[in-house]
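Asks: Input: one structure, supplied below.
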Amino acid sequence: MKFISYPAPCKINLFLHITGRRDDGYHRLQTLFLLLDHGDTLRIRVREDGQLQHLNPLPGVPADKDLTIRAARALQESSGCQLGAEIECLKRTPMGGGLGGGSSDAATVLMALNQQWQLGYTRQQLMQIGLTLGADVPVFIFGQPAWAEGVGEQLSAVMMPADILEKYYVVITPHIEVPTAKIFAHQALTRDSKPLKIADFSNGANSTAFWQQARNDMESIVCSLYPEVNDSLQWLKQFGDARMSGSGGSVFVAVDSEIKANDLIENRPKNTSGFWAKGLKYHPLFNTLLNED
Ligand SMILES: C[C@](O)(CO)[C@H](O)COP(=O)(O)OP(=O)(O)OC[C@H]1O[C@@H](n2ccc(N)nc2=O)[C@H](O)[C@@H]1O
Ligand SMILES: Nc1ncnc2c1ncn2[C@@H]1O[C@H](COP(=O)(O)OP(=O)(O)OP(=O)(O)O)[C@@H](O)[C@H]1O
């Protein structure tokens, strides 16, 4: 069996409002996901003996805890498939950065092995398996810019206007990891944002009013706990309406040209990593799922 390479793009949250909390502690939110053409590459080869092997475990993440192996195991368990896989991950998405790197890796493994093991799961079925691995996994299988509600799993495709898709997204990540659970559990987190209406976003006529209200409800807490995030955010705000993605610590701003994007990346604050990328209309693996519901 030969190795096949599969992309695992990252995401940004264009806004993120927390509108409530469920009895199990998970938070209800509203967010707009944009997938970016930047991310990890997974190399995957099928094994006949049923074993799952991670060929280059990430620093600090034991192979059996890695979301790629957990995704493959979840697929074996749900399908009863006797095949296995070897997985290698070329990591480009900063870990713990609010860019959904691990979640996207998991989604890519689900889509790739669904194809290679010939399981025939539909998009909806894979999204449900993905949700057991993390709240951010389903959107990568959904594969399009999405308005999300619930804990992030109720997804509606949105037509992103040209002024969002044509931008260059400059993403800066301080060299720290922000634990998502810690931010969701913080006592000062506001959990009562008034729900916005998807129609106000979709209806271009109202979009200025929409963006005036839209923010990331986790941003102020992360900025107070991690001054490095605040510094990067304040620096980026010189160039536009910068905000934080997910639970941080990555921050981003949209600019109009590649030259400007390169300039910001070259001059970014010390002790940060950075890249620029464009928004994706579709996940590159969108068409590997041939069985639509
Ligand atoms: C902040 C976002 O990145 C926005 O896209 C996601 O909501 C987080 O998704 P994720 O990293 O896949 O999160 P998970 O791995 O499912 O959850 C990590 C922890 O965050 C908390 N959590 C997560 C999602 C959510 N809607 N409410 C929560 O309270 C829970 O304590 C959970 O144990
Ligand atoms: N394949 C993987 N890639 C990255 N992290 C992984 C992976 N598997 C497990 N993890 C663990 O998951 C944690 C979160 O990683 P990830 O890069 O997905 O964070 P994140 O982008 O902040 O997530 P989110 O946006 O979903 O909150 C890591 O610190 C690591 O311990």
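Just so it is clear, glycine is given a Cβ too, placed from its N, Cα and C backbone atoms.
Keep in mind that what you see is a predicted model, and the values were worked out from it rather than measured.
Annotated active site per TrEMBL: Lys11, Asp136, in sequence order. Annotation comment: TrEMBL describes Pro94, Met95, Gly96, Gly97, Gly98, Leu99, Gly100, Gly101, Gly102, Ser103, Ser104 as ATP binding site. The domain 'GHMP kinase N-terminal' annotation in TrEMBL covers 67-144. As annotated by TrEMBL, domain 'GHMP kinase C-terminal' applies to 214-267.
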Asks: For the ATP site (Pro94, Met95, Gly96, Gly97, Gly98, Leu99, Gly100, Gly101, Gly102, Ser103, Ser104), what does the 8 A shell look like? I mean other same-chain residues with CB within 8 A of the CB centroid.
Replies: Cys10, Thr93, Gly246
Asks: Counting each residue once, how many in the domain 'GHMP kinase N-terminal' (67-144) are helix, strand and coil under DSSP?
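Replies: Taking each residue of the domain 'GHMP kinase N-terminal' (67-144) in turn, the totals are 44 helix, 7 strand, 27 coil.
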Asks: Please list, in sequence order, those recorded positions from Pro94, Gly102, Ser104, Asp136 with the Cβ less than 6 Å from ligand 1.
Replies: Asp136
Asks: Looking only at Cβ atoms, how many others are within 10 Å of the one on Gly98 (ATP binding site)?
Replies: 31
Asks: List the Cα distance (Å, whole number) between Asp136 (active site) and Gly96 (ATP binding site).
Replies: 13
Asks: So which of the recorded positions Lys11, Pro94, Gly100, Gly102, Ser104, Asp136 sit close to ligand 2, that is, with a CB under 6 Å from an atom of it?
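Replies: So the answer is Gly100, Gly102, Asp136.
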Asks: Looking only at Cβ atoms, how many others are within 10 Å of the one on Gly96 (ATP binding site)?
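Replies: Step by step: centre on the Cβ of Gly96 (ATP binding site), count other Cβ atoms within 10 Å, giving 18.
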Asks: Just counting, how many other CB atoms are there within 10 A of the CB of Ser104 (ATP binding site)?
Replies: 27
